[in-house]
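Enquirer: Below is the structure I would like to discuss, written out as structure tokens.
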Amino acid sequence: MSTEIDINKLKAEIKNDKQRRLILFGIFATGLIGLYVLVHFSPHLTDTERSIVYRIPKYPRHIAELLDVINRYSDNNLFYVLFAFIYLYIFMQSFAIPGPVFLSLLSGQLFGPIPAFLLVCFCATTGASLCYGLSYSLARGLVLNKFPNQIVNFNKKINQNRDNLFFYMLFLRFTPLIPNVSINVSGPIVGLPFKYFFFGTLFGLMPGNIIHIRTGLLIQELNDFSTSYQAILTLIGLSLIALLPTLFKKKLQELDDKGLSKSKKE
């Protein structure tokens with residue numbers, strides 16, 4: 001059954017949501033404190049290693065240098081590195097903070113391809129689910145005030161695909177038609193059931209996770225001055241695959257708009 005949302009009505013219902021925002025801020029502040037404690041009590045790093053770890057990676061060589069430091073570090077502190085990875089990934093994903101993709105790139109070198117894949121799938125799905133829950137319970141006012149038009153449009157798309165929401169979620173995760181962060185924060189507001197959100201996220205992000213992990217492994221391999229043409233060709237192939245959804249984005253949007261027009265006529 002199609003259910004159109006009324007943005008003004010929703011805003012009126014949560015007009016006085018200062019308490020929710022304070023709780024949300026408190027949870028975020030607690031997460032930051034936990035991150036500070038994690039860094040403060042971390043095993044010792046040299047000044048050079050710290051400068052590499054705290055630097056935001058801008059180039060492939062930065063990622064490779066970071067991998068070198070973390071690989072040496074994790075040899076003696078594996079459980080600390082594992083816990084820090086999970087904590088940081090889920091924290092950033094929960095609050096829609098950019099950065100999880102860099103952790104995905106690092107994961108293959110840290111834990112091996114298969115463990116990294118399982119770990120990234122767990123962290124990405126858990127973080128997205130927590131973001132869904134925070135948006136539903138505490139951040140509805142913020143999301144509605146910041147993205148009212150996007151909420152209305154996404155609600156229309158959800159209503160068009162009520163009969164196949166799981167496959168529509170897979171479609172959204174496979175393509176950049178709607179950014180993943182937007183899906184995470186607006187999903188509960190537009191009435192996307194959690195079960196479809198969860199499983200659509202779990203399986204829909206798997207191809208991207210594989211690409212990120214494999215790319216991180218190849219960056220390290222190329223940084224070691226490997227002359228493997230297979231590695232270079234694989235990296236180029238992965239880059240082209242990653243570009244495919246963007247190249248087809250316009251066509252997908254046209255098809256989506258046609259579907260919406262047809263729905264209105266009916």
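Each residue, glycine too, has its Cβ placed from N, Cα and C.
Quantities reported herein were computed from a predicted structural model and do not represent experimental measurements.
Not my notes, these are from TrEMBL:
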DOMAIN    97-214  domain 'VTT'
TRANSMEM  21-41  transmembrane segment
TRANSMEM  78-105  transmembrane segment
TRANSMEM  117-139  transmembrane segment
TRANSMEM  165-185  transmembrane segment
TRANSMEM  197-217  transmembrane segment
TRANSMEM  229-248  transmembrane segment
Enquirer: Counting each residue once, how many in the domain 'VTT' (97-214) are helix, strand and coil under DSSP?
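Expert: For that range the per-state counts are 97 helix, 0 strand, 21 coil.
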Enquirer: Averaged across the domain 'VTT' (97-214), what pLDDT does the model get? Just tell me the whole number, please.
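Expert: A mean pLDDT of 87 is what the predicted model shows over the domain 'VTT' (97-214).
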